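Listed in Swiss-Prot:
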type	residues	note
BINDING	LYS46, ARG49, GLN85, ARG102	isopentenyl diphosphate binding site
BINDING	ASP92, ASP96	Mg(2+) 1 binding site
BINDING	ASP92, ASP96	Mg(2+) 2 binding site
BINDING	ARG101, LYS189, THR190, GLN228, LYS245, LYS254	dimethylallyl diphosphate binding site
Amino acid sequence: MDLKSKFMEVYYKLKSELLNDPAFEFTDDSRQWVEQMLDYNVPGGKLNRGLSVIDSYQILKGGKELTEEEIFLTSALGWCIEWLQAYFLVLDDIMDNSVTRRGQPCWFRVPKVGLIAANDGILLRNHIPRILKKHFKGKSYYVDLLDLFNEVEFQTASGQMIDLITTIEGEKDLSKYSIPLHHRIVQYKTAYYSFYLPVACALVMAGENLDNHVDVKNILIEMGTYFQVQDDYLDCFGHPDVIGKIGTDIEDFKCSWLVVKALEIVTDEQKKLLFEHYGKADEASVKKVKELYKTLDLEGVFADYESTSYQKLNKSIEAHPKKEVQAVLKSFLAKIYKRQK
């Protein structure tokens, strides 16, 4: 059985445990609601974050075959990250008034769900400590795991806040957009939970103290930033069929890497055009912004950024004293370098 199928098996086991949690007396209706909500929101993505906990742990263990227990526990931690992601996305979609997610309507758009989705988000968040309690309570690193998830959740919610208050309607001001602001949003909103958390889970399970791995955290945050810049680029220049969504960063007045880069190199004339059309939902405005991006050769600017970042990350990774840790970081970098989706 391949790793992904094994990973899915663990999902069904965890789901079944949550639907029979002794702390709450379920009715048939409530059990059915939670089950549908979980199936709709948790396992639908690429599962990269979750699977990389298993990968990373195996590499840290020198690549030797994992025991059944190790596979189960690393999978359970991987699913905790997927639960965290589901919780963020369900609430995020309500805040952004989004239409689709992973090729289906956002959960709150499903008939009968509506704003019940807000409570479903809270439930998803509360499932994480239930899973951790059931499977890790006896472990020496139990408190470290709770701490780690709490801290990363706080960082992500704070990153989301910066993102939201930066794009408040009626306060649209492009001049406040800069590389430092872009990096701050990305670091907190995406990099901690998508890049640092999976590796941190593997390190904790392997008996490592996270305080000794600040350098690893910094490299992963840089990698997360690089990943988000790719995302910003693909939002505009990627093919919707390939990336699985239609990009709306321009319409949404997002603090995208592209607009920040554009602001650094525009003439006064071009700047006026950008200020006038960025953040407008009409097709003509979006087209004008995209044409400006082409004129400024942001595709070339991105290609330069991509190769420079790649070299810089590789150099940082190779400076790490532990070969296993290097291998974990290199496998992460290989997965995202020059990705198309």
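Cβ coordinates come from backbone N, Cα and C, glycine included.
Feature annotations (Swiss-Prot) mapped to structure.
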| residue | record | Cβ neighbours (10 Å) |
| --- | --- | --- |
| LYS46 | isopentenyl diphosphate binding site | 10 |
| ARG49 | isopentenyl diphosphate binding site | 21 |
| ASP92 | Mg(2+) 1 binding site | 18 |
| ASP96 | Mg(2+) 1 binding site | 14 |
| ARG101 | dimethylallyl diphosphate binding site | 21 |
| ARG102 | isopentenyl diphosphate binding site | 13 |
| LYS189 | dimethylallyl diphosphate binding site | 24 |
| THR190 | dimethylallyl diphosphate binding site | 21 |
| GLN228 | dimethylallyl diphosphate binding site | 22 |
| LYS254 | dimethylallyl diphosphate binding site | 22 |
DSSP three-state assignment (helix, strand or coil) for ARG102 (isopentenyl diphosphate binding site): coil
Integer Å distance between the CA atoms belonging to ASP96 (Mg(2+) 1 binding site) and THR190 (dimethylallyl diphosphate binding site): 16
DSSP-derived class (H/G/I helix, E/B strand, else coil) of LYS189 (dimethylallyl diphosphate binding site): helix
Span of ARG101, LYS189, THR190, GLN228, LYS245, LYS254 around dimethylallyl diphosphate - largest C-alpha separation, Å: 20
Max CA-CA distance, Å, over listed isopentenyl diphosphate-binding residues LYS46, ARG49, GLN85, ARG102: 15
Sparsest-packed among the binding-site residues, when each Cβ's other Cβ atoms within 10 Å are tallied, from GLN85, LYS245: LYS245
Cα-nearest neighbour of GLN85 (isopentenyl diphosphate binding site) within the listed binding-site residues, ASP96, LYS189, LYS245, LYS254: LYS189
